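The Mg(2+) binding site feature in TrEMBL is assigned to 221, 283. Annotation source TrEMBL lists transmembrane segment at 97-117, 129-146, 158-175, 204-222, 229-247, 253-274, 286-305, 311-334, 365-383, 389-408.
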């Protein structure tokens with residue numbers, strides 16, 4: 001056994017669990033008990049459309065507690081991402097099954113909320129798309145898990161990703177039309193756009209939906225090359241979608257709920273994934289995260305009733321929300337095609353690699369990209385024009401800020417602790 005693997009063995013290193021103190025565990029337990037009692041007996045009983053905050057907190061706690069357990073299992077099974085080529089920034093072997101923790105956290109949270117509510121509402125506002133996200137997300141999660149274990153061929157992965165996208169489409173996750181802002185009227189002779197009248201996609205609906213789902217899934221996977229980057233950026237995107245969906249929570253309540261649960265699960269995982277990472281997302285986590293964000297963005301942003309009231313097209317809103325992974329992926333495709341290489345060929349020319357080569361450390365690079373992503377997320381929320389929901393947005397941002405402050409504080413304490 002190598003020194004690196006010995007250092008990762010759970011029986012020789014107890015720091016992972018000890019860092020979550022008994023006091024913080026008790027506080028979280030009391031908090032979850034209070035949420036459960038409020039949910040079971042309060043005014044929100046049997047109201048899944050009011051479950052976003054409980055869903056966020058339960059997913060956060062579940063992911064926070066579950067991730068170290070998954071890490072320990074991965075270490076025992078020696079499922080480690082070992083440093084080798086120049087694309088890998090980490091210096092020691094790190095477990096790579098973080099996606100398992102996120103998948104279980106999301107599944108357990110949504111199941112718990114439905115169980116507490118007593119039933120899954122038959123209202124189409126809830127059921128439309130939920131099955132698509134569940135089935136498509138599970139397919140792409142299993143694909144990523146197999147890739148983490150066996151390193152599948154690129155063509156095989158693409159075919160299964162398309163299958164997952166088609167499954168989601170057949171179960172309600174669809175871009176049927178592109179809403180046009182009420183204030184936008186364009187008449188160029190060959191093209192005429194009337195404000196408030198959406199562009200119906202017709203037969204283009206299926207290929208565009210699948211392209212979006214598969215594209216975002218791969219985009220998140222491409223930026224997962226540095227500690228905490230993909231998880232942090234995706235958490236910010238989920239918080240933004242949550243805020244935007246709140247502006248239309250009457251017609252799309254479950255989209256806000258799914259975004260809240262996704263944000264909680266990612267932030268709980270980020271506690272263990274931020275530099276220096278103790279566990280990686282892996283392909284299972286990156287694919288699942290990207291696919292779910294893409295699906296929620298369709299149902300919670302593009303299809304929202306508030307879409308006709310925004311002052312910019314909703315297609316541009318989702319670009320703001322997922323700006324960094326889309327930019328990095330687009331740049332990678334153009335770069336590789338220009339060099340005559342396959343778009344699937346890996347390289348060390350991603351944005352985070354460039355920033356690292358410029359002399360910044362991983363934490364500074366992460367904070368810079370987080371800031372840009374959060375800023376664009378705020379811009380997207382502003383464009384929705386739902387001022388009455390800004391207090392909820394501010395609350396979401398504060399929760400995120402407090403979480404990152406706590407993570408930073410713990411890292412500083414660990415660095416200052418005598419060896």
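Every residue, even glycine, has its Cβ placed from backbone N, Cα and C.
Remember, TrEMBL labels are computer predictions, not curated facts.
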Between the stretches 129-146, 204-222, 229-247, which wins on the count of C-beta pairs under 8 angstroms to the transmembrane segment (365-383)?
229-247
Are there three or more C-beta pairs under 8 angstroms joining the transmembrane segment (129-146) and the transmembrane segment (253-274), sequence spacing 6 or more?
yes
Near the Cβ of residue 221 (Mg(2+) binding site), how many other Cβ atoms are there if near means within 10 Å?
25
According to DSSP, which kind of secondary structure is residue 283 (Mg(2+) binding site) found in, if we only use helix, strand and coil?
helix
Other C-beta atoms that fall within 10 angstroms of the C-beta of residue 283 (Mg(2+) binding site)
25
